[in-house]
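Heads up, the thing below is written out as structure tokens.
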Amino acid sequence: MNSSLVGNQSGRPFCLLAISYLETINFCLLEVVIIVFLMVLIISGNIIVIFVFHCAPLLNHHTTSYFIQTMAYADLLVGVSCLVPSLSLLHYPIVLSESLVCQIFGYVVSVLKSVSMASLACISIDRYIAITKPLTYNTLVTPWRLRICILIIWLYSCLVFLPSFRWGKPGYHGDVFQWCASSWNTDPYFTLFIVVMLYAPAAFIVCFTYFNIFRICQQHTKEINERRVRFSSQDGEAGEAQPCPDKRYAMVLFRITSVFYILWLPYIIYFLLESSNVYSNRIASFLTTWLAISNSFCNCVIYSLSNSVFQKGLKRLSGAICASCARQRVAKDSSTSRSKRSSNGCHV
């Protein structure tokens, strides 16, 4: 990235967007508002998802719940890691050097988002196996194999981005740190390495599996409806079209995957353009990165709006919280009334 992106003249702090800087508060207001807002949404949303999975045992009946929870924990860590740029923008003292903090933060965020991307690919493979091989699914997909798969996802993501400490920027373009914008450049060969090892395989797997899932579900629905119409015509009753139950759950996962890639597409395009020295812009750098990071909150919203079992678990969680609050209020009121009665008895 060009050094012209660094705007630290006249003693002002480095502001990537170069707007909304106020002399009175001495920090980059717009960057702080965007990052802190996303951080609060991501942390609160994913904590709710994790608690709901613990409160709704039916959600754990699906093997995909392993990967959904993995994504929730990864997204939660993304929100927690956003504390680093927030504290930097607010001029809190950082013990480590800015270059090392920048590299570690970029590496951690890239690894966590890689875990989410790989988990989405594994979810699509899981659903594909469930539909194409329903009789042998339970023997092929077992809890211990899922745990091994999740461990491989974490190890693979850590290894793929490990060369970023020597080869260049790992695709993170937030650049709230001045050293990131001026001295940490993207390398076209490392970009190609990431695309070949992560982005392209994940996108291909998702497209292939969901295309075949919906094709098979459509075929199954057609066959079921034909049989229903045939038997209902013999009985003299009108048959109703019934959708494939697997397709309904696949649609929820497909929405999560679609939103993920829609939010990440501008980021990936900018990543490729900057690595090829075709286009470089600090505002586009910031916005595409944090638009992609905002996906860590969108997963919670999509799952809560699309999954009825999740909604029941959310109601159960909110009911438990309200009940505990009510019990605490009753206990507080009773203790207050007892203390008043005892004080009145002393005066008599």
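Backbone N, Cα and C define each Cβ position, glycine as well.
Residues or ranges marked as domain 'G-protein coupled receptors family 1 profile' in TrEMBL: 45-303. Summarising the annotation, TrEMBL assigns transmembrane segment to 32-59, 71-92, 104-125, 146-168, 188-213, 252-273, 285-306.
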Outside the transmembrane segment (146-168), six or more residues from its ends: residues with CB under 8 Å to it: 63, 66-67, 70, 103, 106-107, 110-112, 114-115, 118-119, 122, 184-187, 189-190, 193-194, 197-198
Chain residues in Cβ proximity to the transmembrane segment (188-213) (below 8 Å; excluding those fewer than six residues from its ends, i.e. six or more beyond): 114, 117-118, 120-121, 124-125, 127-128, 131-132, 160-161, 163-164, 167-171, 246-247, 250, 254, 257, 261, 268, 271-272, 275-277
